[in-house]
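As structure tokens, the structure follows; a few thoughts come after it.
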Amino acid sequence: MSSTKADRKAAGDAASWLFNVVTSVGIILVNKALMATYGYSFATTLTGLHFATTTLLTVVLRWLGYIQPSHLPLPDLLKFVLFANCSIVGMNVSLMWNSVGFYQIAKLSMIPVSCFLEVVLDSVRYSRDTKLSILVVLLGVAVCTVTDVSVNAKGFVAAVIAVWSTALQQYYVHYLQRRYSLGSFNLLGHTAPAQAASLLVVGPFLDYWLTNNRVDAYAYTFISTLFIVVSCSIAVGTNLSQFICIGRFTAVSFQVLGHMKTILVLILGFIFFGKEGLNLHVVVGMIIAVAGMIWYGNASSKPGGKERRSLSMNGNKSQKHDGLPESTEVDDKDNNACTAITRLAGLPRKREERKGISGRAAGMGFIQYW
């Protein structure tokens, strides 16, 4: 009985991660075609359209009764929107002002920053194997993606803002779900309208500053409009799947496993756009990164691999959260991450994983498309 329940949960974890991988890679390929082939370079405005489409879906689902009423205090909503929008704008500006190599390094630095936030804010402790596995993933992805590296003062500032705001936004997704018991669609229903309104107001001006082109002067065609519609449709799944994955796992696990998408994008790029970028050091980097991801999943799921330190007060050995000890909740989420990796990689699970540990599955967040 418990084995069947564990298998169902493992299948749900793997399906959630596969959903995120497919939608994220899909939106990257569609946006690449939209921007490179049809010259639609208005990334911030396009992201605003993504959240407007997501808002429309949440309104329809709420009207149909699939989303139950919930409450999110305005101060928390405003902080979330600030972090999320700074993340989007910061990444776009960083890519414009820095070399591609430094941009990739900035993206890799999100994992150490997310670890730092969990250590400081959640008193999470990582084992030596977990730390080493994260370094292996970073090394592998760096070998694959980092080429020329040049930076200037304003580009460095933009990268710092982008990295910290992204890490804070993803941490805040998990925090809001845990504190207010919000599911994926519930949290999207609160955050998507605010993000859509703010980005659609600021986006055209920011895009004009970045590209020196006006979004209203773009020569829209049937094909380019169709690509925009497809991009917006996939974005709904991307936003939803990110919130689901962060809810099921943790922000750090989401970042580590997220580099699987980087590897997949590289492979699909070689398939669809030729093999001129395929060389030995890229292949070696892919192998190192995938090995690091599998190692991380196993290391973080072991006892003590990643756990929240007990904050004992008045003789209590551990504080409880949602009926579970704090350390158990973190370990459960990374057990989920390990199971998702092994399921997607086709690896057999350990006996301990088959037994299953009940974990809380919640909801959602936003993802970097660019």
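Backbone N, Cα and C define each Cβ position, glycine as well.
According to TrEMBL, the feature transmembrane segment maps to 12-30 (among others).
Feature annotation from TrEMBL assigns domain 'Sugar phosphate transporter' to 23-296.
Residues or ranges marked as transmembrane segment by TrEMBL: 42-65 (among others).
If you look up TrEMBL, you'll see 77-95 (among others) marked as transmembrane segment.
As annotated by TrEMBL, transmembrane segment applies to 132-149 (among others).
What TrEMBL records for 155-173 (among others) is transmembrane segment.
Under the heading transmembrane segment, TrEMBL lists 185-206 (among others). Residues 42, 44-49, 51-52, 54-55, 58-59, 61-62, 66-68, 70, 72, 77-78, 80-81, 84-85, 88-89, 92, 173, 176-177, 214-216, 239-240, 243, 363-366 of the same chain, all 6+ positions outside the transmembrane segment (185-206), place their C-beta atoms under 8 angstroms from a C-beta of that stretch.
According to TrEMBL, the transmembrane segment annotation covers 218-240 (among others). Counting only same-chain residues 6+ beyond the ends of the transmembrane segment (218-240), those with a CB under 8 A from a CB of the stretch are 19-20, 23-24, 26-27, 30-31, 33-34, 38-40, 42, 46-47, 49-54, 57, 184-185, 188, 192, 364-367, 369.
Remote same-chain residues near the transmembrane segment (252-274) are listed as 17, 20-21, 24-25, 28-29, 110-111, 114-115, 118, 134, 137, 140-141, 144-145, 170, 242, 245-246, 282, 286, 289-290, 293, 296-297, 300, 306, 333-334, 337, 340-341, 344 (criterion: CB distance under 8 Å, separation of at least six residues from the stretch ends). Annotation comment: TrEMBL describes 252-274 (among others) as transmembrane segment.
What TrEMBL lists as transmembrane segment is 280-299 (among others).
Residues or ranges marked as region 'Disordered' in TrEMBL: 302-332.
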The transmembrane segment (155-173) and the transmembrane segment (12-30) contact flag, 3+ Cβ pairs under 8 angstroms:
no
